[in-house]
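*Asks:* Below: one structure in structure tokens.
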Amino acid sequence: MSSEPVNINDFKELARLALPKMYYDFYSGGAEDEHTLRENIQAFYRITIRPRVLIDVSKIDMSTTILGHHVSAPILVAPTAAHKLAFHEGEIATARAAAAVKTIMVLSYSSTCSIEEIASSCNSVRFFQLYIFKRRDISALLVQRAERFGYKAIILTVDTPRLGRREADIKNKMIAPPVKSLEGLISIDVKSDQGSKLETYANEMLDASLRWEDIGWLRSITTLPILIKGVLTHEDATKAVEAGVDGIIVSNHGARQLDFAPATISVLEEVVHAVKGKIPVLLDGGVRRGTDVFKALALGAQAVLIGRPVLYGLAAKGEEGVRTVLEMLKNELETSMALSGCPSIKDITRSHVRTHYDNLPSML
């Protein structure tokens, strides 16, 4: 590119140019026909903003709290795998960038840096993403290490009883990258004559028998708050509240699991209504603009999580790229708030957006 990136799509193009095709496909691809991958972004286009005027917006305050932790804006770093495929410092660079913009990073269990390395890399609030393995002792050990090294919450991913069909990875015969926190615990030297070795590894190791009752087991081994990531329906949101979790992340795993699952922004309000304010609801999937963040907040999300844009920034420009991506989204959100008449996060309300569903009564 002949000029500096000015938006997330520019960073995506820089990442495409910087990465080997196998790695770019791994980061950017979705499941099967990638319908949900496209829809995650396009669903935001169908929501319009209803700006209010003649309000004092000379000062904009984007700060908020997540589980009691202060952040400069409701934009968090989502758990994503294998950052060293994008940049040699891996998740350490991402963690430092998140700290620099005063937000929370969720470390993936499949990080290429260890729980301990990230904890010592910088002083900031961070959460840990957990999968439940067939060997529960390994999951328990990861939780204990995260708690011991100062992580402030456990994000339990619940939408992966097996890996979705990520056909680009199958075609590329994508190899599972080393998972630093699992060294000495699980061998990743799996045999696969066809397709993605990553898929084979995940399907051999992850516990497909996980049920709602197992939230109690996780609760018994940690004092940390537990959020579940992967809820898309009001039925599961209600069950999550009944199970006693501390928060929900509305997520379809970046459209990498079940193709034709709904776009997350399209079901956010359904989940928000189901929990009735009892626990916080966050959203990930498809956020590429500050206006997307604004729309999610208006529909009831306490914050959004950013996955692929962070990886694109990391691949393009390392730590500086991640920091720029986060600042870019913050700046866009600030502009959206000012132009919509919202001087603070609490001023963003449901009346500030119109969705496709709002138009249905007038069409009947």
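First residue shown is number 1, and so on along the chain.
A Cβ is built for glycine as well, from the same backbone N, Cα and C atoms used for every other residue.
Note that the structure is a prediction, hence the values are computed from the model and not measured.
Straight from TrEMBL, here's the annotation block:
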DOMAIN    1-358  domain 'FMN hydroxy acid dehydrogenase'
BINDING   79-81, SER108, GLN129, THR157, LYS229, SER251, 284-288, 307-308  FMN binding site
BINDING   TYR131, ARG166, HIS253, ARG256  glyoxylate binding site
ACT_SITE  HIS253  active site, proton acceptor
*Asks:* For GLN129 (FMN binding site), identify the closest of the binding-site residues ARG166, HIS253, ARG256, judging by Cα separation.
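*Replies:* Checking each of ARG166, HIS253, ARG256 against GLN129 (FMN binding site), the shortest Cα distance is to HIS253.
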*Asks:* Cα within 10 Å of ASP284 (FMN binding site) is the criterion; apply it to the binding-site residues TYR131, ARG166, HIS253, ARG256 and give the hits in sequence order.
*Replies:* HIS253
*Asks:* Can you tell me how far the Cα of ARG166 (glyoxylate binding site) sits from the Cα of ARG308 (FMN binding site), in Å?
*Replies:* 16
*Asks:* Give the maximum pairwise CA distance in Å, whole number, for the residues TYR131, ARG166, HIS253, ARG256 listed as binding glyoxylate.
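*Replies:* Greatest Cα-Cα span of the listed binding residues: 19 Å.
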*Asks:* Taking only same-chain residues 6+ apart in sequence, whose CB is under 8 Å from that of LYS229 (FMN binding site), what do you get?
*Replies:* PRO79, GLN129, ILE155, LEU156, THR157, VAL158, ASP159, ILE248, ILE249, SER251, ASP284
*Asks:* For HIS253 (glyoxylate binding site), just count the other CB atoms lying within 10 A of its CB, please.
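*Replies:* Counting Cβ neighbours of HIS253 (glyoxylate binding site) within 10 Å gives 23.
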*Asks:* Count the other Cβ atoms sitting within 10 Å of the Cβ of GLY286 (FMN binding site), across every protein chain shown.
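*Replies:* There are 28 of them.
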*Asks:* For a quick check of packing: other C-beta atoms within 10 Å of the C-beta of ARG256 (glyoxylate binding site), how many?
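*Replies:* Around ARG256 (glyoxylate binding site), other Cβ atoms within 10 Å: 22.
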